[in-house]
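Here is what TrEMBL says about this protein:
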SIGNAL    1-24  signal peptide
DOMAIN    30-126  domain 'Lysosome-associated membrane glycoprotein 2-like luminal'
DISULFID  153-189  disulfide bond
DOMAIN    216-356  domain 'Lysosome-associated membrane glycoprotein 2-like luminal'
DISULFID  329-366  disulfide bond
TRANSMEM  373-396  transmembrane segment
DOMAIN    375-405  domain 'Lysosome-associated membrane glycoprotein 2-like transmembrane'
């Protein structure tokens, strides 16, 4: 856990701000604001990331995924005063800022407005951006919460505006904390309420192990751009999740799964979702101008007990193959996204770039398939060795037989 101690702001001293990052709950931000009397006045804990699409100098569109991983500061966060409400202000990475404002109207308080800003002058994050400057997206949220209640939303909340998609989940927040004590009375978001009505009432114990499942059905997925197919995928997917010490196994049914995605010159995205999978994103990238690979996986999944498991990893290196070809792995293989999330693949074939006429190009086999072919090769080599030994023994015996006649 990394902790930050900040200077006084508007006579309110922010004593402790902690940013907790972990494998089971990546990119979790936790904020405890205290006033001059060292009493908590605002508490917030949440996860978020952002997907930004921007225009390049070549008049094409690029997409980047942004998470608050490093250089996080909270300058400007405050508990409010008689004239203004509380505010959470977050700055991260290079040129990114995020703010949320709260207002009070007894007997409720509101999450009033969320603003997100980014700077396209950052060439590392926004290469070849056509517009250079600061872009701000602001959304009125107007979520009303009873005073003295803490707002909880485990479900994924999505706000989309002006080429920016904002994702929020695993949210706990209480503004206007009374008497310095965070409430235990929870006010659930509408998305969690709907999940609660259909969720099982029995929660598995921490020692529960997943029931073994049969192999998932192999499905065909594709992404189109204009009138042509730009990404092809064939695979059976089995998700292995460990959340709150409970293991779950989920097979994805391709017949009830929706497919979306996008294709860019150097990145491509395949996104799956259904009633249980809020989103499962596979992001591919080009490296060294001549190969592609799976760079990133993002997921948000509703578990059997109604809770939501979310994770992301943007530093993967799987499914590597030359551009102009496809990647194939017939054997069952495991893609490890995090310690808490693995994906078993069956009958995998993927081509995220240079698809021609809607069909796969020549495939490069995975190492698992290569190992599979070592067995018949080894058997063939052994048989060839035995045959050579038999022939040598035959000729040696034949030579000795002729030598015996010459002695007479």
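Placement of Cβ uses the backbone N, Cα and C atoms for every residue, glycine included.
Those TrEMBL annotations? Automatic predictions, nothing curated.
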In angstrom units, rounded to an integer, how far apart are the Cα atoms of residue 189 (disulfide bond) and residue 329 (disulfide bond)?
42
Expressed to the nearest Å, what is the distance separating residue 366 (disulfide bond) and residue 153 (disulfide bond) at their Cα atoms?
41
What's the number of neighbouring CB atoms sitting within 10 A of the CB on residue 366 (disulfide bond)?
21
So for residue 329 (disulfide bond), how many other CB atoms are inside 10 Å of its CB?
24
Across the domain 'Lysosome-associated membrane glycoprotein 2-like luminal' (216-356), what are the DSSP residue counts per state (helix, strand, coil)?
3 helix, 98 strand, 40 coil
Those disulfide-bonded residues listed as 153, 189, and which of them has the most Cβ atoms within 10 Å of its own Cβ:
153
Cα-Cα distance linking residue 329 (disulfide bond) and residue 153 (disulfide bond), given in Å to the nearest integer:
39
Per DSSP, how many helix, strand and coil residues does the domain 'Lysosome-associated membrane glycoprotein 2-like luminal' (30-126) have?
0 helix, 58 strand, 39 coil
